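Engineer: Let me give you the structure first, and then I'll get to my questions.
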Amino acid sequence: MTSSHAMNITPLAQLALLFSTLLLPGTQALLAPTTPDAGSALNLTFDPWTRTLTWACDTAAGNVTVTSCTVTSREAGIHRRVSPFGCRCWFRRMMALHHGVTLDVNGTVGGAAAHWRLSFVNEGAAGSGAENLTCEIRAARFLSCAWREGPAAPADVRYSLRVLNSTGHDVARCMADPGDDVITQCIANDLSLLGSEAYLVVTGRSGAGPVRFLDDVVATKALERLGPPRDVTASCNSSHCTVSWAPPSTWASLTARDFQFEVQWQSAEPGSTPRKVLVVEETRLAFPSPAPHGGHKVKVRAGDTRMKHWGEWSPAHPLEAEDTRVPGALLYAVTACAVLLCALALGVTCRRFEVTRRLFPPIPGIRDKVSDDVRVNPETLRKDLLQP
């Protein structure tokens, strides 16, 4: 039976206690170096956690001068040379060690060239260690790791996972408590110490003997799995559809050029062929309205242009044509407002006319005593005027 544990940052005060526990007999949680030359004059030792090779400065060999250190692993493709600092060599770059490495030290003894070698091996029976270690950063906030129990693992095997940053500090740790079932999953909720690279190692312990470890060095950007794009909207008119979205939240710092998007729309009819369009450096896409109108859905997913992997699809959104008809209630309200405005305008106009007439009454005309007399016949008056 397997189980999963959450990983948390281990306080420094508890780190020493953990190391002393790991060094108890019968455990193999701590990677231990081995050397075929126990009588080496330098007494070489290698710390896999810090990638530091040390030796005794006060050797019995006399005047010893170390000029360089080299680590080699043909299986892992490792070949690095560094210069010593004091009585140690530090291999700055992280490296996977489960294939085993050979450490060579070059120098002089009393002026004569000398060479020393230390072999670091992965102790334990083949197939006892974990396999298929995979880790992912999801939702821009937590690290999820999983592995598979080794095919030849002892019945009482218990696995532990450690995640270290490039300086050798613990980012997270997951261990099975005594009596718990074997664990093959872990989740780390605090990634504040995680840098651009991470060293992942799954160790095992068993009362039956040593258990091989499994480790890997990964670029943290390669671990991130993008979530679905945010704020996806879709609308159509009689000729075109428009889809817009926002990039997903990310743990790593990404720019607009780092994103690419894939837009897919498909009819709801069984057996219909989906249409896909790749969008780069944009968060909007317009395309002709698919026929027949209605019954289509669209979804969007994001990808990292550098890591060449795609994230999760957004929920499907229907592609529906916008209703261009004016609602009846809105039409009634607009008509009522127009009538009211006309009535108000007419009322204001009439009132202004009445006020103007009162302020400026009409000037009466000059009356003619003869022509304006209603008792005078106009025809008779014309004849009288025309007579000489």
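Our numbering is plain: 1 for the first residue shown, then up by one each step along the chain.
Cβ from N, Cα, C; glycine included.
OK, Swiss-Prot features for this one:
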CARBOHYD  N43  N-linked glycosylation site
CARBOHYD  N63  N-linked glycosylation site
CARBOHYD  N106  N-linked glycosylation site
CARBOHYD  N132  N-linked glycosylation site
CARBOHYD  N165  N-linked glycosylation site
CARBOHYD  N237  N-linked glycosylation site
MOTIF     359-367  motif 'Box 1 motif'
SIGNAL    1-29  signal peptide
TRANSMEM  328-348  transmembrane segment
Engineer: For the C-alpha pair, I'd like the distance in angstrom between N63 (N-linked glycosylation site) and N132 (N-linked glycosylation site), rounded off.
Structural biologist: 48
Engineer: Specify the count of other C-beta atoms within 10 Å of the C-beta of N237 (N-linked glycosylation site).
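Structural biologist: That number is 11.
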Engineer: Cα-Cα, whole number of Å: N132 (N-linked glycosylation site) versus N165 (N-linked glycosylation site)?
Structural biologist: 21
Engineer: Roughly how many angstrom lie between the C-alpha atoms of N106 (N-linked glycosylation site) and N165 (N-linked glycosylation site)?
Structural biologist: 29
Engineer: Would you mind reading off the Cα separation of N165 (N-linked glycosylation site) from N43 (N-linked glycosylation site), to the nearest angstrom?
Structural biologist: 28
